[in-house]
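Participant: In case it helps, TrEMBL gives these features for our protein:
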| type | residues | note |
| --- | --- | --- |
| ACT_SITE | C260 | active site, nucleophile |
| BINDING | D30, K35, T86, T121, E155, K263, R327 | NAD(+) binding site |
| BINDING | F152, L153, R154, E155, K204, F249, L250, N251, A252, G253, G257, K320 | substrate binding site |
| DOMAIN | 313-415 | domain 'UDP-glucose/GDP-mannose dehydrogenase C-terminal' |
Amino acid sequence: MKIAVVGTGYVGLVTGVCLSEIGHHVTCVDIDEQKVEKMRQGISPIFEPGLEELMKNNIDRGLLTFTTNHKEAFSDAHAAYIAVGTPQREDGQADLRFIEQVAVDIAANLTNDIVVVTKSTVPVGTNERVKRILLKNLAGDYKVDVVSNPEFLREGSAVNDTFKGDRIVIGAENPEAADLIEAVNKPFGIPVFKTDIRSAEMIKYASNAFLATKISFINEIANLCEKLEANVEDVAAGMGMDDRIGNKFLNAGIGYGGSCFPKDTSALVQIASYVQHDFNLLKSVIEVNKVQQHMLIQKAKTRFGSLEGRRVALLGLAFKPNTDDMREAASIVLAQELVKEGAEVVAYDPISIENAKKLLPAQTVYVNSPEEALLAADFAFIVTEWKEVKALTPEDFKERMKLPIIFDGRNCYNLNEMEKHNIEYYSVGRKPVNVNGIKKD
Ligand SMILES: NC(=O)C1=CN([C@@H]2O[C@H](COP(=O)(O)OP(=O)(O)OC[C@H]3O[C@@H](n4cnc5c(N)ncnc54)[C@H](O)[C@@H]3O)[C@@H](O)[C@H]2O)C=CC1
Ligand SMILES: O=C(O)[C@H]1O[C@H](OP(=O)(O)OP(=O)(O)OC[C@H]2O[C@@H](n3ccc(=O)[nH]c3=O)[C@H](O)[C@@H]2O)[C@H](O)[C@@H](O)[C@@H]1O
């Protein structure tokens with residue numbers, strides 16, 4: 001089938017590339033000319049494992065093209081996927097400007113009947129609004145159907161998630177439109193769940209809100225474990241053995257970041273408020289997450305008193321490993337707080353430094369290896385569990401830091417190892433080790 005994908009961010013580009021990989025003729029359209037030029041040359045504008053290879057392969061097979069021209073993309077297309085951003089507005093609501101603009105772009109450039117598929121995460125009722133905009137701006141007497149097909153991929157494993165997802169949700173009014181999108185996805189071999197449009201829109205928000213709740217819940221348990229001298233990793237493992245609970249998404253840490261959980265939880269609280277529903281549970285999830293992001297700073301302040309003049313190694317900047325995405329990363333909050341407290345921040349990330357420079361305080365110093373960041377540091381903050389960070393050995397810390405003092409927001413290291421090697425080590429929901437003073441060996 002011939003498919004247009006509008007927006008080539010994390011979702012649009014991965015969707016376009018994967019749909020071409022299963023044999024569809026895909027044209028991706030974006031308003032960002034520089035991005036389109038890069039993609040035409042087979043260069044991915046985002047870091048996503050496995051993506052660039054598939055991209056090049058399908059450009060060569062003649063199945064994948066990129067354009068800034070909407071008409072070119074929609075002409076003869078059976079389906080047009082909307083995958084533009086729905087960022088958070090200041091009041092917490094989802095900003096639907098880009099979605100509305102794309103609906104106008106599609107309608108005004110149509111040359112045939114089409115099914116418009118919304119991949120972007122949009123509040124309940126948005127697809128009805130999209131349909132109204134489409135009908136109002138139609139370029140001719142064409143039939144247009146709207147389908148909600150929310151996306152569940154994770155950054156850092158987006159290609160794998162697209163081929164091995166748990167479900168494909170299709171929300172539609174017209175069963176024929178739903179069948180067409182089911183047929184598009186058939187080669188993926190993933191179970192399809194069909195429902196009405198509003199329920200499909202809600203499935204996306206409910207899923208992200210539930211996952212965020214799981215994380216805030218385990219973080220609260222971790223904070224309790226610290227006070228009650230229990231070990232959160234064992235607690236999570238023991239809980240997770242119950243199939244009803246499941247063992248995934250129970251890693252305690254410095255809170256969730258990224259482009260979606262923070263904005264989608266806020267948006268759902270807003271969506272609820274429009275129908276006079278006070279979503280107290282979700283408000284608490286958000287609040288717990290905010291507090292959790294400051295947890296390393298609190299621990300460092302308790303340890304050192306003032307952070308003024310301290311040299312800090314900030315290890316990992318992206319909101320999670322295997323992505324260069326810095327949106328809502330805890331490292332932003334941490335670097336800002338550290339600089340405000342008068343500390344000197346030396347930051348390392350294997351791939352996010354260019355994106356980080358736009359968001360971290362100007363005083364931040366960037367280095368090319370975790371070892372370099374540790375040089376003469378008073379203490380280290382472990383922010384992202386990159387393999388390069390997890391691979392650091394006790395000697396790496398001891399040889400380079402003034403004193404080996406680590407505040408680990410991702411529980412990267414073994415407690416016994418740290419204890420044995422005389423490293424002062426604070427992690428999340430586990431007992432701190434060597435807190436009664438360490439000496440340089
Ligand atoms: N990032 C993620 O992992 C996931 C994101 N989502 C949702 O998918 C949507 C897209 O997210 P991302 O891919 O992260 O966004 P993004 O911000 O990375 O990319 C959006 C792209 O759309 C382009 N664009 C904007 N207006 C346009 C127009 N009128 N015509 C053509 N292109 C246009 C922009 O230039 C940009 O390249 C959001 O609603 C998000 O909540 C859903 C699941 C996962
Ligand atoms: O709507 C979206 O954009 C996507 O949001 C998340 O995907 P993503 O944000 O890419 O990454 P996750 O792996 O979910 O991690 C999100 C944050 O939670 C944190 N996290 C995750 C799991 C965990 O156990 N503990 C924890 O602190 C991560 O460190 C990260 O900061 C969801 O997992 C996807 O299903 C969804 O499609």
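Backbone N, Cα and C atoms are what each Cβ position is placed from, and that goes for glycine too.
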Participant: Give me the count of other Cβ atoms within 10 A of the Cβ belonging to T86 (NAD(+) binding site).
Facilitator: 24
Participant: Given D30, K35, A252 as the binding-site residues, which ones have a Cβ positioned under 6 Å from some atom of ligand 2?
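Facilitator: Checking each Cβ against ligand 2, none of them comes under 6 Å.
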Participant: Across the record's substrate-binding residues F152, L153, R154, E155, K204, F249, L250, N251, A252, G253, G257, K320, the largest CA-CA distance in angstrom?
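Facilitator: Across F152, L153, R154, E155, K204, F249, L250, N251, A252, G253, G257, K320, the two farthest Cα atoms sit 24 Å apart.
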Participant: Indicate the candidate from L250, A252, C260 with the smallest number of other Cβ atoms within 10 Å of its Cβ, considering only these recorded positions.
Facilitator: L250
Participant: Around ligand 1, within a Cβ distance of under 6 Å, which of the binding-site residues T121, E155, L250, A252, K263, R327 show up?
Facilitator: T121, E155
Participant: Around the Cβ of G257 (substrate binding site), how many other Cβ atoms lie within 10 Å? Please give the count over every shown protein chain.
Facilitator: 25
Participant: On a count of neighbouring CB atoms within 10 A, which of the binding-site residues K35, K204, K263, R327 is highest?
Facilitator: K204
Participant: Checking the contact step here: among the binding-site residues K35, T121, K204, L250, R327, which have a Cα within 10 Å of the Cα of the residue listed as 'active site, nucleophile'?
Facilitator: T121, R327
Participant: Between C-alpha atoms, which of these binding-site residues comes nearest to D30 (NAD(+) binding site): F152, A252, G257?
Facilitator: F152
